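One structure below.
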């Protein structure tokens, strides 16, 4: 028990170090001088004297490792510093943007679950039918469609032409529908095929023949097949939630959705290094820890997964 706790602590510290040090190092040495960028964004002529003064104000004249240790120490306490561009507290900027990304993620997951269940069951029911073959081809095509292109297409059709939804920003519940549909189409296409394949594979398992011999009804057998088919599919959907956060950057920028993705895009455009550092570190940590949590939950739901991992 003690070894497991120590191993977890070491793993957590290793993850925090790698996900913070690498972005901090790269953004420090591979980006343009933040002091000069900060002056240009504020429409101040970047003379040598102004740059030296701004570097001192931003703490960029101290050694790299001292800056990193100071930054990581403050970040652990939830203090990511101030934006070079707006001068706002970065933690407050993230907290303001997070609810919008959270709403978008919830709606996207709901759309994914609904569309995956409906279309995968249709494809199973119409196995080898012309409709099922068309759906299979269509799912391959949609999974390869760039999300920005799909977003622009939906805006042109449903916002500009038919005026059914807002073109962008947040203006009530209807604003989230098009961004969520855009994200869900890209991701659900592959999951529809996954659930369909799992269901068809489970139909040929020995336990199905056993239930038939025992006289179980087709409805009851179908429920068992569906339950076993969804287990592995839910693992993939659960593991993709962090990918949705990363994938939302493009969709949020297309729809001007005021979430974390748009915050990141604006930080890249303005070369706002502290905001970008905070976003990268938090996203990386979310990727790692959510993956660990989902993995534990899925091994609890389906013990066979832990057995496969130990083989």
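In case you wondered, yes, glycine gets a Cβ from its N, Cα and C as well.
Bear in mind that the values here come from a model prediction, so they are computed numbers and not experimental data.
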Of 172-194, 195-217, 218-240, the range TrEMBL labels transmembrane segment: 172-194
Leading stretch by Cβ pairs under 8 Å, where the reference is the transmembrane segment (102-125) and the options are 137-160, 172-194, 275-294: 172-194
Looking at 12-30, 137-160, 172-194, 275-294, which one has the highest count of Cβ pairs under 8 angstroms to the transmembrane segment (244-269)? 172-194
Mind checking which residues of the chain, 6+ beyond the ends of the transmembrane segment (275-294), have their Cβ under 8 Å from one of its Cβ atoms? 15-16, 19-20, 23-24, 27, 71, 75, 80-81, 83-85, 90-91, 93-94, 235, 238-239, 241-242, 245-246, 260, 263-264, 266-268
